Amino acid sequence: MISADLAILTPEIVLSLFAMAGLLGAVYTSKDALASAMCWGTAALFIIMAFYIGVTGNGAREAFDGMIIDDAFSRFAKITILLSAAAILMISQDYMAKADLLRFEFPVLIILAVVGMMIMVSAGDLIALYMGLELQSLALYVVAAMRRDSVRSTEAGLKYFVLGALSSGLLLYGSSLAYGFAGTTQFAGIIEAAQGGDMPLGLLFGLVFITAGLAFKVSAAPFHMWTPDVYEGSPTPITALFATAPKVAAMALFARVVHDAFGGVIGDWQQIVAFLAVVSMFLGAIAAIGQTDIKRLMAYSSISHMGFALMGLSAGTAQGVEAMLIYMAIYVAMNIGTFAFILTMERNGRHVTEISSLSAFASKEPTKALAILVMMFSLAGVPPLLGFFGKYAVLVAAVDAGLVWLAIAGVIASVIGAFYYIRIVYLMYFGEADEGALDGKMGLVPYVGLIAMALVIGLGWVPGVNLFGIEAPAETAAAMLIR
C-alpha cells in the first residue's frame, strides 16, 4: 500500500517538508533573518531523524516495488550521513557569519543534498539511484559556488558541475546498458541476469561504466581530478561537507550496486575495485607531500582514504563491507575534528589555509595543538588511535579474501602518507614562530567539536569503549547487504 511505502520514507519526507517550509519562511521575512536559526534547526532535525532511524528501524523492508530498500545497511549509512551533516552545520556557523555567507539557502541546499544521499543509499533500482545522485549533486554544485564574489569559488563550482555532469553521463550510459541487457532496472533483476558464467558482454560494459561513474563520486583515482581544485576553491564549510557526508553516501551506494546488482559476478568487478583502491592510496599519499595549502592536502588525503575504504569493498565479503563501514565512520569523525580547526585558522582576522601558518602553534595553544596532533596521528593510522583500527580492519579483510598484494600495497601507502601528517605536527611543535603564525582564536562550537572528536578518536580503543559500539551495527549492516 502507498501509505506503507511512504512510512518507509518518513525521514526523507520530513526533511523535504522542512526545506520547503524554510524557503517559504525566507520569502515572508527579511532577507537571511532566519539563516542562523535555520542552520541550528536543520542540525537539530538531522540529529532527531538519525535517532528516529536508529530506534524505529527493524529488519528489511521495500517500498515502491523494490525501488527503495530500508535495511540495516541503509540505516547505518543514513545515520552516519545525518550526524556528519549536523556536525558540519554546527561548526560552520562562526565562519559563515564572518565571511558573510550565512544565507538561508545554505541549510536548505544541505537538506536537499542529504535527502538525495539518503535516497542513494536506499536505492534498489537504477532509476532511484540516479534520482538520489542527481538531487545530491545539483544541490552541491550550487553550494560549491556560494561565494559569488570569489573567482576561485565560482571556478570550483563550474569544475564540479562539468566533471560531475560527465560522471553522471557515464553512470547513465552504464545504467542504460544494464537495463538493455538485463531487461530491468531493479538490482534484484540485474543480479539474476548476471548470474553464472554467461553474463552478457553488454552487461559487463554497463558494470564498467557504472563503476567509473561511482568512482568519480568517491574521488577515487584516476577519477579524482576535480577534488583538489573544488576542495581548495569552495568555502571551507562546503569543503568540510564534501569530505564527509557525500563520501559516505557514495561509498555505500558503491557497495550496494556491486553486491545487490552484481553480487553474482564478484570476480568481474573485484579486480577493478582493487585497482581503483591501490591507485587511489598511492596517488593520494604521494601527491599530498608537496602541498602547501591544507585544504588541498585534505583533498589528496581523502583520495588516499577512499582507496583504503575501497580495499575493504574489493574483498567482496561481508567482512570487507563491515570493515568499509567502520572505516567510513571513523574517517568522518577524523575529518569533522580536523575541519573544526581549519575553519578557525585566522591571521590578523583573515581566514588562511597555508600549512606554514601552523608554525609554533603549540606554544600559543597547547590544548588545541594536542587535539590536532591526535587527528593527524589518527589520519596517519598510528596506534592506538581509531584511525589505526579502521586501517587494520580493511587490511585484515583484504588478506582474508586472498588479496595479500593489496594489503601490502596499503601498508606501503600508509607509511608514505604518514609523512605529510607528521609534517604538520612537526610545524606546530618545532616550527619557528613568525609574523605569519595563526592568531589562535577559536569559537566555542568549533572548539568543542575539535576537542570532542579528539576525545572520540583518542579514547575509542579503551577497553569497555570498543570503538563506541559501531562494530555490531556495521556487522549487522554488512550481513544484511550480503545475504
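In case you wondered, yes, glycine gets a Cβ from its N, Cα and C as well.
For 7-27, 33-53, 108-128, 161-181, 196-216, 235-255, 272-292, 297-317, 323-343, 369-389, 402-422, 442-462 (among others), the entry in Swiss-Prot reads transmembrane segment.
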Grab the same-chain neighbours of the transmembrane segment (33-53) for me: Cβ-Cβ under 8 Å, and only residues 6 or more beyond its ends, written as numbers and ranges.
10-11, 14-15, 18, 22, 25-26, 75, 78-79, 82-83, 85-87, 89-90, 92-93, 96-97, 102-104, 106-108, 110-111, 114
Under 8 Å between C-beta atoms and at least six residues away from its ends: which parts of the chain pack against the transmembrane segment (402-422)?
274, 277-278, 281-282, 284-286, 288-289, 291, 297, 301, 304, 307-308, 311, 314-315, 376-377, 379-382, 391, 394-395
To the transmembrane segment (108-128), which of 161-181, 196-216, 235-255, 272-292, 323-343 is linked by the most Cβ pairs under 8 Å?
235-255
